[in-house]
Amino acid sequence: MKAKKLTGEKAVEYVEDGMIIGLGTGSTAYYAIKKVGEMVRNGFKIKAVPTSKETAKLAAEEGIDLVELADVESLDLTIDGADEVDPYFNLIKGGGGALLREKIVASATEKLIIVVDESKLVNHLGAFHLPVELTPFSWQYTQRMIEKFNCSSKIRKIDGEIYLTDNGNYILDCDFVKIEDPLKISLELNKLPGVVENGIFAEMAELIVVGYNDDHIEVLDNE
């Protein structure tokens, strides 16, 4: 828990007065949001676009000025978490269910900063299930099409009920075991009718801030 706090707060060091930023969703992003709130209370003028209703609620409680992505040209930076990070800065995201909004916000940002603890660093993507957001209409058909990519899958449920994203869609958690070409798989999945978006974030992250169990922080730069 301490590593997550240190990592989230380290990422906020890149936030400057007057910026418009994206705020991610998840346990590590939580600490970044709390730190941004502290900056705002100390007089910094910062506006933010949240990636989920959960994040919007927390940011509002922290006094952060929230804006709609549609009302700004771009974001100076975005701070978000990830479920897996490979050596080439490819990510799997979406464990918290906000992958569609997270990817839209990430695509609009000048600098995507990912905050993770060391357990999220992997040699290749795929050990963590890949979330794929689906339209509810005939989702079982879409599932069959996805499983032709040599994966198994199950619909995400909470307390026995199918989980609904903030966008009113379903999530299919797909087990690939090993994803050899993340960008290719991402593009191919998104071609399928019924697929809204998937949790592979390929060639998007610029900085990875990693927290270790011994409380030291490492910043990886994708140059």
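Note: Cβ is positioned from N, Cα and C throughout, glycine not excepted.
TrEMBL does not curate its annotations; it predicts them automatically.
Residues or ranges marked as active site, proton acceptor by TrEMBL: Glu102. Secondary structure from DSSP puts Glu102 (active site, proton acceptor) in a helix.
DSSP assigns Ala82 (substrate binding site) to coil, not to a helix or a strand. The feature substrate binding site is assigned by TrEMBL to Thr25, Gly26, Ser27, Thr28, Asp80, Gly81, Ala82, Asp83, Lys93, Gly94, Gly95, Gly96, Lys120.
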Distant-in-sequence Cβ neighbours of Gly95 (substrate binding site), under 8 Å, six or more positions away: Gly26, Asp83, Phe128, Pro131, Gly199
Distance, Glu102 (active site, proton acceptor) to Thr25 (substrate binding site) (CA atoms, angstrom): 8
Entry from the binding-site residues list Thr25, Ser27 having the most other CB atoms no farther than 10 A: Thr25
Proximal but sequence-remote residues of the same chain as Asp80 (substrate binding site) (Cβ under 8 Å, at least 6 apart): Gly22, Leu23, Gly24, Thr25, Gly26, Ala29, Thr51, Lys93, Glu102, Val105, Ala106, Leu112, Ile113, Ile114, Val115
Any further residue of that chain within 8 Å (Cβ to the Cβ centroid of Thr25, Gly26, Ser27, Thr28, Asp80, Gly81, Ala82, Asp83, Lys93, Gly94, Gly95, Gly96, Lys120) of the recorded substrate site: Gly24, Ala29, Val116
Local backbone state of Lys93 (substrate binding site), from DSSP in three classes: coil
